[in-house]
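Some notes on the structure that comes next.
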Amino acid sequence: MSKVILSNEKEEVAVHPEDAFDPTRVEGYDPTLEYTEEEEARVRRLIDIRFMPWILFSTFILNMDRTNISNAVSGGLPKHLGFGYSTYNNGTSLYSVLFAIAAFFGSILAKRYGPHRVIPAMVLSWGLVTLGHAFVRNEAEYYVIRALIAITEGGVIPATLVYLGSWYRKNELATRLSWFWGVQSLASAVSGLMASGLLQMEGIAGLNGWRWLFIVDGVITIVSAFLFWGALPSSPFHTKEGFLNFGGWLNERQSHIGVTRVVRDDLLKLQYNIKVGWKDVWETLTDYKVWGHLIITLIGLSYNTSYGKYLPIIINSFGFNVYVSNALTAPNAIFGCITMIALARHSDKTGIRGWYGVFANCWVLIGFALLEFLPDNSPMGVLYFVTFLISGAPSVHPLNIAWMTENTAPIGKRTVASGLIIGFANIYGVYAAQFYQASDAPRFHVGNFIILAFCSDRLDFVFKP
C-alpha cells in the first residue's frame with residue numbers, strides 16, 4: 001500500500017491514504033500565509049491574555065474541588081460520619097482508580113466532541129457531585145460520592161491537553177502547562193484559606209462546617225460551568241464563538257496566524273480532526289518511550305497523595321489549631337507554584353528536560369529526610385518550615401508531559417498517551433493512599449520512609465525516555 005508522507009524539520013510520519021486529509025479541513029490553516037515574528041508574538045500574547053485565563057480558571061476550579069476533601073477531613077468529616085482514617089485512605093484509593101479510568105477516556109471524548117464542549121459539561125457534572133458531598137450521611141454514601149467525583153473529574157485534564165495542542169507550539173507548551181499546574185497549587189492555597197473560614201461555620205443552619213465547605217465549592221463550580229460554556233471557542237479560528245468573547249479575541253488575519261503557526265510547528269496537527277481508533281490505542285500501549293514517561297509519573301508523584309491529603313493534619317500535629325493548620329497550607333502551595341513555573345520556563349528556553357527532574361527529585365529527598373529525622377520535640381516553626389520546603393519542590397509533571405508530547409507521533413497515539421499519563425498521574429493513589437496510617441500518626445515515620453524509597457527509585461528512570 002502506498003503511503004503519503006507528512007514531514008517537518010525533525011521527523012517524517014507515515015500516514016495511510018485513508019487517514020490523510022485535505023488541509024482545508026483545518027479551518028484557518030493557510031500554507032501560503034506569510035507573517036512576521038512580531039505578528040506571531042502578538043497573536044501568542046493575545047492567546048495568553050484572552051484564552052489561557054479560562055483554561056487556568058478551569059483547573060483552579062478542579063483543584064479547589066479535589067483538595068477540599070483533606071480540609072473537610074481535618075474539620076471532622078470522618079468523626080461525624082462514623083469512620084476512621086482507613087475509610088478515608090480506601091476512599092482515596094477508589095478515587096484514584098476511577099479517576100485514572102476516566103482520564104483515559106477524557107482525551108478521546110475531547111477529540112470526538114470538541115474540548116470546548118466537553119470541558120463545560122464535565123465541570124457542571126462534578127459541580128453537582130461536589131454539592132452532593134454536603135448531604136452524605138454514612139460510610140457507604142461516602143464511598144459512592146467519592147466514586148462519582150472521580151468519574152466526573154477524571155477526564156478534564158486530558159481534554160485540556162488536547163485543547164492546548166491546537167493553540168500552542170511545542171516549545172511553548174511546558175511553560176503553559178506549568179501555569180496550568182501552578183494554578184492548581186494556588187487553588188490548594190485558596191481552598192485552605194476558604195476552609196479555615198468555612199469550617200468555623202460549624203452549626204449554622206444545623207450543618208457541619210465541612211458541609212458548608214462543599215456547598216460553597218459546589219455552587220461556585222456549577223456557576224463556572226456556564227461561564228466556560230459561554231467563553232470557550234473551538235479553535236483559534238473561531239474566537240468569536242460564545243457570548244463572553246465580546247466580538248472575538250483575534251481578528252481575521254490573527255486567526256489565520258494562530259492556526260497556521262501551530263500547524264507549521266508540527267505538521268502532525270494536520271491530522272488533528274482524525275478520530276482516535278483502536279490502532280492508536282495499541283500503538284501507544286506498545287511504545288516503550290511512552291512507558292518510560294508513565295513510569296516516571298507513577299513513581300515520581302507517589303508522595304503527593306499521602307502528603308497532600310494529610311498536610312493539614314500533619315501541620316496540626318505540630319501544635320497549630322485546625323483553622324491555622326488549614327490556612328498554613330496556602331504559603332506551601334504558592335511556593336510550589338513559583339518554583340514549578342520558573343523551572344518549566346527555563347526548560348522551554350534551554351530544551352533540557354531530564355536534568356530538571358533530577359534536581360527536583362533531590363529537593364524532595366532532602367525535604368522528606370528532614371521531616372523524618374528531625375526530633376519530635378523540634379520547635380513547631382521548624383517543623384512547619386520543612387513542610388514548606390517539601391511543598392516548594394518544583395513539580396516536573398508539566399515537563400514530563402511536554403517531553404512525552406515531543407516524543408510521541410502520530411496524533412492519535414499522542415491523544416491516547418495524554419489520557420494515559422494523566423491516568424498514571426492518579427492511579428498511584430491506589431497504593432500511595434496507604435502510606436500514612438492511623439497507627440503511624442501524627443508524624444507518619446513509616447510512611448515517610450516509604451516515600452523516601454520511591455523518590456530514590458525515580459532517579460533510576462528519569463533519563464529512560
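Here the Cβ of each residue, glycine as well, is placed from N, Cα and C on the backbone.
Positions annotated as domain 'Major facilitator superfamily (MFS) profile' by TrEMBL: 51-465.
Residues annotated as transmembrane segment in TrEMBL: 93-110 (among others).
Per TrEMBL, the feature transmembrane segment maps to 117-136 (among others). Residues of the same chain lying 6 or more positions beyond the ends of the transmembrane segment (117-136) and with a Cβ under 8 Å from any Cβ of it are 58, 61-62, 65, 68, 72, 81, 106, 109-110, 142, 145, 148-149, 152-153, 155-156, 159-160, 163, 207, 211-212, 214-215, 217-222, 224-226, 228-229, 232.
Among residues of the same chain six or more beyond the transmembrane segment (142-165), those with a C-beta under 8 A of the stretch's C-beta atoms are 55, 58-59, 62, 65-66, 69, 81, 83, 87, 90-92, 94-107, 109-111, 115-116, 118-119, 122-123, 125-126, 129-130, 132-133, 136, 173, 176-177, 180, 262, 269, 272, 401, 405, 414-415, 418-419, 422-423, 426. Marked as transmembrane segment by TrEMBL: 142-165 (among others).
According to TrEMBL, the transmembrane segment annotation covers 177-198 (among others). Listed as Cβ neighbours of the transmembrane segment (177-198) (distance under 8 Å, sequence separation of 6 or more from its ends, same chain) are residues 52, 55-57, 59-64, 67-68, 71-72, 74-75, 160, 164, 209, 212-213, 216-217, 308, 312, 323-324, 326-334, 336-338, 340-341, 343-345, 395, 397-399, 401-402.
According to TrEMBL, the transmembrane segment annotation covers 210-232 (among others).
The feature transmembrane segment is assigned by TrEMBL to 290-308 (among others).
Within its own chain, the transmembrane segment (320-343) has Cβ neighbours under 8 Å at 71, 74-75, 175, 178-179, 181-183, 185-190, 192-193, 195-196, 199-200, 311-313, 356, 359-360, 380, 384, 387-388, 390-396, 398-399, counting only residues six or more beyond its boundaries. What TrEMBL lists as transmembrane segment is 320-343 (among others).
Look at TrEMBL and you will find 355-375 (among others) tagged as transmembrane segment.
According to TrEMBL, the feature transmembrane segment maps to 381-403 (among others).
Sequence-distant contacts of the transmembrane segment (415-436) (same chain, six or more residues past either end, CB-CB distance under 8 Å): 85, 89-90, 92-93, 95-97, 99-101, 103-108, 111, 154, 157-158, 161-162, 276, 280-281, 284, 287, 290, 293-294, 297-299, 301-306, 309-310, 397, 400-401, 404-405, 408, 444, 447, 450-451. As annotated by TrEMBL, transmembrane segment applies to 415-436 (among others).
Note on the transmembrane segment (355-375): residues 296, 300, 303, 343, 346-347, 382-383, 386-387, 389-390, 392-396, 399-400, 445, 448-449, 451-452, 455-456, 458-459, 462 of its chain, located 6 or more positions outside it, place their CB under 8 angstroms from a CB of the stretch.
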